[in-house]
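According to TrEMBL, the features are:
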{"type": "DOMAIN", "residues": "1-72", "note": "domain 'Reverse transcriptase'"}
Amino acid sequence: TVYVSYADDVVIHCDNFKEALRLLECLKRRLKQCKLEAHKDKTKIVYCKRNQTKHPPFKVYYRSFDFLGFTFKTRRARGKWGHLQLVFTPSMSRKAIKRVGERLKKLKIHRMVHLHVREIAEILAPIVRGWINYYRGFNVTGLKRAMRRVNLKLITWVINKYRRFRRKPRKLAWNWLQDRCKRTPDLFVHWQLGFRP
């Protein structure tokens, strides 16, 4: 049994379903003694399928869980020798991606039309660098979605800044941003790491 905790969030890894059930009941009893109770929505037994070909000998209700901004679930990944295999691995959670969108909305970059693109890059740099440093250590699928949101917010800025893009297809503004990325690939932190428009 492996125990991982952060503040009041806990993940306990068990070898089998019976052990997980027994441990969950023990935890509930202990919490009750302390006049506490486990969060009903967050407290669950999750089946961490990896390369098992057989179905488990119990009914599976949950196959993923969120912890510290990551969603842990079974995904296909390339193994050591390049072949695809099933791994139980974390990626940026949907809630975390949504929070990225909310943070970008609060920044109101799309309204900063008085600024040059380099100044926008300077404003975004520490924020985006923080997201990338935290989430890129594992599966980057979720992080790609979050960085796409950053690029979409930049598109809105381009449309608002340059009159020639208003009342025209967003594709033209997207092309402008792609062209800018080709000319100055180091302008934005996420561009430097391959999250380009």
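The first residue you see is number 1, and the count goes up from there.
Every residue gets a Cβ built from N, Cα and C, even glycine.
Looking at the domain 'Reverse transcriptase' (1-72) alone, the prediction's average pLDDT is 84. With helix defined as DSSP H, G or I and strand as E or B, the domain 'Reverse transcriptase' (1-72) counts 17 helix, 17 strand, 38 coil.
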